[in-house]
Amino acid sequence: MRGCLQVLRWLSTSPARRPVSSGLRLRSYEIVSPSILRPFTSTVRRQAQASRNVSDLEKRIAEIPIERFRNFCIVAHVDHGKSTLSDRLLELTGVIEPGSNKQVLDKLDVERERGITVKAQTCTMLYNHNGEDYLLHLIDTPGHVDFRAEVSRSYASCGGALLLVDASQGVQAQTVANFYLAFAQGLELVPVLNKVDLPSADPERALEQMRSSFELDTDNAIKVSAKTGLNVEQLLPTVIERIPAPVGDHTNALRMLLVDSWYSTYKGVILLVRVFDGEIRAGDQVVSFATGLKYYVGEVGIMYPDQTPQSVLRAGQVGYIYFNPGMKRSKEAKIGDTFTKVGYEKKVEPLPGFEEPKSMVFVAAYPSDADHFEHLEDSVNQLILNDRSITVQKESSEALGAGFRLGFLGTLHCSVFEDRLRHEHGASILITPPTVPVKVIYKDGKEVTVTNPAHFPDEDEIRAKVAELREPYVMATLTFPDEYLGKVIELCEANRGIQHTLEYFTSSQVILKYELPLGQLVEDFFGKLKGSTKGYATLDYEEAGWKASNIVKLQLLVNKKPVDAVARIVHYSQVERLGKQWVTKFKEHVDRQMFEIIIQAAVGRKVVARETIKPYRKDVLAKLHASDVSRRRKLLEKQKEGRKRLNAIGNVVIDHSAFQAFLSK
């Protein structure tokens with residue numbers, strides 16, 4: 001207590017006459033020069049330096065009119081070098097140190113491990129062109145088809161895009177898909193060839209593919225190497241000259257679009273926003289058009305490349321905000337929502353939102369230990385805040401306990417989510433094989449979409465009440481060298497595909513379009529395609545409606561009792577193959593018991609595959625004399641009766657690890 005009083009007395013004195021202390025003993029007052037006074041810690045000095053840098057940055061941004069803003073993104077096929085090119089642009093504008101080569105905008109651990117972009121990330125850059133400062137907003141988008149929703153949301157914040165093509169691989173399936181998405185949004189496209197320094201690069205072939213596939217003027221295409229930085233300095237002047245400035249007026253009422261959101265333990269929900277009109281500052285009260293809820297803004301800022309606070313965000317800017325008190329419920333942050341200031345709700349037209357992506361692949365997720373369900377629930381809720389395309393429903397299984405039915409856009413989307421649960425949240429989980437939704441059309445006209453095999457109608461109900469069963473189809477676009485054409489067609493036909501078109505867009509490259517059941521696509525079709533073409537094929541797909549199909553529910557029975565967690569909806573042609581796989585694999589992981597265990601795969605009442613696990617058998621004849629036939633027969637009959645009673649009342653004990661091993665690939 002005495003020490004605290006001494007410190008308070010010391011703080012209350014004027015800086016020039018504070019005592020020079022040693023430990024807690026106070027000496028006589030001495031005159032201290034202000035020039036040699038030091039801050040309490042080095043942290044204070046660092047924060048002061050940071051605030052000076054932020055104010056310098058703000059001052060430059062404040063002097064730039066909206067006519068010198070440019071919002072653009074980079075779109076391409078997966079692994080064509082988008083994130084590496086983003087790094088070079090950030091180096092060029094001084095946002096990061098040269099040579100860091102860290103893929104700064106890939107912020108998730110799973111992105112760095114897999115070398116793919118999963119979440120669209122934004123960064124603000126300042127660039128001086130012809131003696132004038134320009135404010136550039138770069139958005140690095142994913143390339144994989146499963147993250148198409150991320151790409152389309154990014155386009156809403158952009159005026160143009162760099163269409164990036166690998167000079168060694170040329171135009172590929174997702175290049176085509178991303179081009180049409182950007183074209184439909186009316187974006188100005190700048191063709192860019194990457195990896196021109198590779199020995200295998202063929203720029204002329206790639207440019208010809210871009211001309212023939214997209215009808216783009218490639219005379220002014222920029223040939224770069226994101227890895228070495230070759231010609232990267234030509235990109236930003238081209239962006240400034242060709243991509244239009246955003247339209248908006250900072251003097252109008254605030255109109256702000258919610259583009260993305262993520263969760264912070266300390267700040268609550270953080271929102272990534274694009275300001276279309278007006279301006280927003282800390283302390284403003286805003287209202288959501290979607291929910292009607294009102295919030296006070298706690299902080300606004302830009303990504304530079306990390307969160308950098310600013311005093312204001314103006315029309316045309318892309319930045320982040322969070323509220324104080326924070327938005328704590330993830331459901332309040334609706335992607336595509338419009339915000340305005342309180343009092344202007346009737347004067348402002350809400351912006352058109354985004355089309356909600358539909359989940360097309362479903363899995364069940366259970367904690368490895370039933371006691372960890374709450375931890376799994378918290379982890380899932382935090383991750384879906386950052387990815388709204390995932391649907392979540394609670395469900396329960398007799399075998400595996402409480403869990404979730406999760407819906408995803410595709411199998412890679414599911415795999416990435418599983419990795420994030422394990423690595424970022426330490427969750428230990430069981431994931432069932434992916435299934436796709438099916439439609440049940442009843443005779444009375446009612447239509448039901450079934451995403452959980454447990455809700456699929458049984459055989460009797462189908463015969464009595466159901467008019468038709470339908471499964472989803474996709475239009476798959478495959479590109480590959482023509483030498484593999486026969487193998488790819490064979491693979492597509494084996495997966496119940498319907499051929500639509502076959503085109504050569506170069507003398508050796510083929511674009512093949514097939515209509516395929518989505519259920520076949522999620523069963524490692526891409527892996528088989530890569531195997532058939534030695535890794536040279538690329539795949540993109542889009543929804544193609546629903547078709548009538550002969551689909552059934554395949555169940556696993558253990559001693560004639562169904563194991564609910566392992567049921568699947570499949571086409572009838574797959575029943576026998578899958579059934580044999582199931583019973584053989586499940587037998588490997590179930591321990592022997594004191595009674596016989598019968599493992600069956602069945603469709604309705606029809607058993608399609610069976611395996612038997614023999615019981616332990618005690619040698620009851622070990623102590624008998626060889627000639628004692630009647631006693632021998634009596635003991636064997638007694639053992640046989642005991643086994644019958646066990647079979648009637650015995651419950652099969654299946655260890656949790658058996659399900660874990662069975663569900664693992």
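Including glycine, each Cβ sits where the backbone N, Cα and C put it.
Feature annotations, reproduced from Swiss-Prot:
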TRANSIT   1-53  transit peptide
DOMAIN    67-247  domain 'tr-type G'
BINDING   76-83, 140-144, 194-197  GTP binding site
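The number of other Cβ atoms within 10 Å of the Cβ belonging to LYS82 (GTP binding site), over all protein chains shown, comes to 26.
This prediction places the mean pLDDT of the domain 'tr-type G' (67-247) at 81. Here the binding-site residues are ALA76, VAL196, and the one with the most other Cβ atoms within 10 Å of its Cβ is ALA76. Candidate binding-site residues: ASP79, THR141. Fewest other C-beta atoms within 10 angstroms, ASP79.
According to its DSSP assignment, LYS82 (GTP binding site) is helical.
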